[in-house]
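Asks: What TrEMBL records for this protein is below:
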type	residues	note
REGION	31-52	region 'Disordered'
COMPBIAS	37-49	compositional bias 'Basic and acidic residues'
TRANSMEM	82-103	transmembrane segment
TRANSMEM	123-145	transmembrane segment
TRANSMEM	157-177	transmembrane segment
TRANSMEM	197-222	transmembrane segment
TRANSMEM	234-253	transmembrane segment
TRANSMEM	282-303	transmembrane segment
TRANSMEM	369-392	transmembrane segment
TRANSMEM	502-522	transmembrane segment
TRANSMEM	542-561	transmembrane segment
């Protein structure tokens with residue numbers, strides 16, 4: 001193709017485009033085509049449109065592989081296809097359900113642990129315990145991924161999570177009737193000794209749920225990657241849905257308790273204690289979460305009995321057979337990245353001989369998705385460092401409005417519940433955009449993903465500038481002293497961001513988290529060096545690094561526990 005002297009800059013940056021959000025996206029394999037140049041400019045528009053249309057068709061066609069390329073999929077009705085999509089959305093929700101259920105009733109934990117040594121740092125401990133558990137058991141789940149079937153792993157881990165949720169719901173329900181909560185006709189209160197004794201048990205339940213979720217996540221991610229990009233995107237969107245639903249349940253329960261309290265004030269009755277409201281909300285959370293996990297188990301069974309599931313599983317088995325025939329171990333010597341491991345050289349000397357083949361395969365795939373792994377880890381380091389351990393302590397900005405005329409959202413309990421809704425709503429939208437509008441929001445270029453991952457560092461500096469308080473949102477009599485609590489939180493401090501800015505930051509935090517995580521999970525397993533039979537393992541490896549980011553972020557959240 002002749003060089004156009006009139007546009008030297010175009011040839012210098014051919015293959016690059018600048019657009020939002022795919023900034024500096026270079027797509028040598030399936031990206032936007034460079035404009036052709038033949039020197040006269042007479043037919044550039046037609047040829048450019050043709051090449052660009054081919055590139056767009058290739059990108060959108062990449063969303064249709066896996067299950068959508070089988071005969072069984074073509075034979076499904078529209079309703080049947082929607083059911084398959086809904087099934088993966090449900091599985092994604094089941095993966096994130098345990099974590100969201102654990103962290104959402106923060107004000108109940110605060111009431112339960114009032115006066116204990118963990119009153120200020122309980123959320124950081126819960127998140128750290130959960131994420132440390134997912135790292136430890138996630139590593140084993142990744143290493144043993146190909147030694148079992150996704151169905152068996154999903155059923156076992158799902159039943160374990162269900163049992164833990166039932167246990168939590170039963171404890172909270174029974175605890176409200178126990179003598180340790182009520183002291184005659186006095187206002188409910190949690191003794192220091194009770195909080196000290198309950199907290200280790202709570203961490204133990206969190207660890208059990210983390211272990212089960214690690215195996216559940218590895219199986220669901222591997223299965224979604226096998227079914228294709230769109231099921232993977234919908235699975236991730238399902239995680240966002242459960243966050244929104246759980247936070248909405250909390251918000252509505254809090255609003256209902258607030259309405260009951262205001263009605264009691266209007267009738268001259270005694271105002272219900274805020275601790276009771278928070279506890280009743282927790283009962284609702286754990287109960288409905290257990291019901292949803294039971295529904296997820298039913299979905300898993302129904303999906304596994306479908307002809308589409310059997311077809312996709314058979315196709316994946318054939319792809320693996322082409323690489324390593326049945327009964328033949330993986331040839332680690334054929335891959336220079338794992339040379340010498342079979343003989344125990346290098347890092348292989350620390351690995352049992354029976355596990356070297358699998359370890360070599362993991363290392364081989366990991367080297368192809370290292371950038372994606374680092375980006376997904378950093379993405380969640382930033383998110384968990386500030387949400388919810390710091391963000392749940394932000395309180396409404398003080399105003400001169402009389403307490404009785406304050407809008408309902410300025411009640412601290414409602415304010416905290418609302419911030420959960422905004423973050424999860426932003427996260428849900430962010431997870432859906434790369435699937436619904438891949439041309440605009442699916443980040444495929446490694447440079448684009450690295451750039452936007454690094455930009456999220458700004459949240460670490462902005463959120464601490466909001467109206468952070470060290471007072472619990474369930475402080476007795478809070479409806480009469482909302483402004484006083486906020487003033488006390490800001491006394492002697494520099495100027496802080498207002499409520500609108502805080503809510504905007506929460507939406508942006510969730511939106512960026514959703515777009516980046518979904519783009520990485522869709523694009524990572526399709527990197528040029530990853531073979532088709534390695535895509536489930538690549539997705540699982542990225543999922544493991546997500547848990548690493550969660551754990552590191554939960555450790556960083558202790559910076560705000562003071």
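Each Cβ is built from the backbone N, Cα and C atoms, and glycine gets one as well.
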Asks: Check the transmembrane segment (197-222) against each of 82-103, 282-303, 542-561 and return whichever range has the most CB pairs under 8 Å.
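Replies: That would be 82-103.
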Asks: Please figure out which one of 82-103, 282-303, 369-392, 502-522, 542-561 racks up the most CB pairs under 8 Å against the transmembrane segment (123-145).
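Replies: Looking at each of 82-103, 282-303, 369-392, 502-522, 542-561 in turn, the most contacts to the transmembrane segment (123-145) are made by 542-561.
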Asks: Does the transmembrane segment (282-303) reach the transmembrane segment (369-392) with at least 3 CB pairs under 8 A, where each pair is 6 or more residues apart?
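Replies: As far as Cβ distances go (cut-off 8 Å, pairs 6 or more apart), the transmembrane segment (282-303) and the transmembrane segment (369-392) do not touch.
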